[in-house]
Amino acid sequence: MADIIETPVSRRLSTVKNIIIVLSGKGGVGKSSSSVQLALSLLAQSPTNRVGLIDLDITGPSLPRMVGLDTPTATVHQSSAGWVPVYVDQGRRLGVMSIGFLLKDRGDSVVWRGPKKDGMIRQFLSEVRWGDLDYLVIDTPPGTSDEHISLLTHLHPLFTPTMSNATTPTSILISTPQTTALNDTLKSLSFTRKLSLPVMGLVENMAGYVCPCCGEISDTFGKGGGEAMAHKEGVGFLGRVPIDTVLVSLLDAVSKGEVLGEGAVEHTSDEAAEGQTNGSTEHFPLLDKYLETTSSKVWKDITQKLVDKIEQHKSDIRARLESSSETLAIA
C-alpha cells in the first residue's frame with residue numbers, strides 16, 4: 001500500500017488526529033455556530049483534548065466574533081515554526097485561525113477571486129503551527145464553491161490512508177428542517193460523493209423552539225425533514241438541535257467581550273506561541289458558560305455519536321488495508 005504523498009499540507013497536518021469538515025447547502029442554517037459548539041463539545045469530552053478551528057469563509061469570517069476574539073489583541077503571531085493560531089483559553093486547548101485576524105480593520109470587506117482564496121486556504125493548512133491536535137474542525141462557507149474545491153484539493157494526499165495512519169478527512173452536514181434547506185443539502189451531499197469525502201452524518205439544526213416560560217416546543221421550521229432525508233440517502237442522522245435562547249444570549253455576550261474579558265491569549269514565549277500545553281485544566285470561561293446551556297447537552301450526544309462513527313470509519317479502513325495486504329501477500 002502506497003504511503004501518503006508528502007506535501008507541505010500533509011506534513012503540517014501530520015500531528016492532527018482527526019479532521020472534521022462542517023458543510024451546509026445554504027446560508028442561515030447555523031453552520032458556524034454548530035462548528036463552534038462541536039469544537040466546545042469535543043473539548044468537554046476530555047480535559048486533555050486539544051481542538052483547532054479554521055474559519056474557511058474567506059469573504060465572511062464570523063468565528064472570531066463567536067468565540068470572543070473579535071478584538072484588536074487577537075492577531076496572528078509568527079513563530080519559528082510558522083503562523084500561530086489565536087487561542088481562546090489560557091490552557092491553549094482551543095486555537096482559531098481566520099482571515100478576520102489578518103484584516104487591519106475588522107469591518108473591511110474581502111473582495112478576492114478564486115486564485116487568491118486558494119492561496120490563503122493553502123496557507124491556513126500548511127503554515128499554521130497547530131502542534132498536536134485531537135481534532136481540527138473546519139467551518140466552510142455555505143454551498144459548494146471555490147473554497148470547498150481548494151480545501152479538498154490541498155487535503156487530497158490525506159485521502160490515501162496507511163496502516164500507520166488511518167486518519168482521513170471526514171465531514172458532517174448541517175441543515176434546518178425546511179424543504180428548501182434540505183434540497184440544498186442534497187447538493188452538498190452530491191458534492192461529497194463526487195469528491196469521495198466521507199460523510200459521518202447530518203445534524204438537523206433549529207429543530208423546534210423551546211419556550212423559556214412554559215417549556216413547550218414549537219416546530220417553527222417544521223420537524224423531521226433532516227432525519228427523513230438522512231435515512232433515504234443512507235447518511236447517519238446525528239440528532240436535532242432546538243433553538244436555545246440561552247445559547248443565543250451567550251453568543252451575543254461573547255461577541256461583546258462580556259465572557260472572555262481580556263480576549264485573546266498573549267504569547268509570552270516561543271513555546272507558548274507554538275501552541276505547546278502542559279495539559280493544564282485552567283479556567284475556560286467560554287466552555288464553562290456553554291456547558292450551562294441546553295444546547296450543550298444536545299451537542300454532547302451528537303458529538304459522541306460523531307466520534308464513535310469516526311472511530312468506526314478508521315477501524316473499517318484498517319480492516320480493508322489489512323485485507324488488501326494479506327491478498328497481496330498470497331498473490
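Each Cβ is built from the backbone N, Cα and C atoms, and glycine gets one as well.
Going by Swiss-Prot, these are the annotated features:
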| type | residues | note |
| --- | --- | --- |
| BINDING | GLY25, LYS26, GLY27, GLY28, VAL29, GLY30, LYS31, SER32 | ATP binding site |
| BINDING | CYS211, CYS214 | [4Fe-4S] cluster binding site |
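Locations of recorded Swiss-Prot features on the structure.
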residue	record	DSSP (3 states)
GLY25	ATP binding site	coil
GLY30	ATP binding site	coil
CYS211	[4Fe-4S] cluster binding site	coil
Key: Number of Cβ atoms other than its own within 10 Å, given for SER32 (ATP binding site)   = 24
Task = Please compare the binding-site residues GLY28, GLY30 by how many other CB atoms fall within 10 Å of each one's CB, and tell me which has the fewest.
result = GLY28
Query = When the number of other CB atoms within 10 A of each residue's CB is tallied over all shown chains, which of the binding-site residues GLY25, GLY27 has the maximum?
reply = GLY25
Request  = Within 10 Å of each Cβ, count the other Cβ atoms, then let me know which of the binding-site residues VAL29, CYS211, CYS214 comes out lowest.
outcome  = CYS214
Ask   = For the recorded ATP site formed by GLY25, LYS26, GLY27, GLY28, VAL29, GLY30, LYS31, SER32, which further same-chain residues have Cβ atoms within 8 Å of the site's Cβ center?
value = SER24, PRO142, ILE174, SER175, THR176, ALA181
Message = I'd like to know which of the binding-site residues LYS26, LYS31 has the most other Cβ atoms within 10 Å of its Cβ.
response = LYS31
Inquiry  = Using the alpha carbons only, what distance in Å do you get between GLY27 (ATP binding site) and CYS214 ([4Fe-4S] cluster binding site) once rounded?
reply    = 31
Distance from CYS211 ([4Fe-4S] cluster binding site) back to LYS26 (ATP binding site), taken between C-alpha atoms, in Å = 27
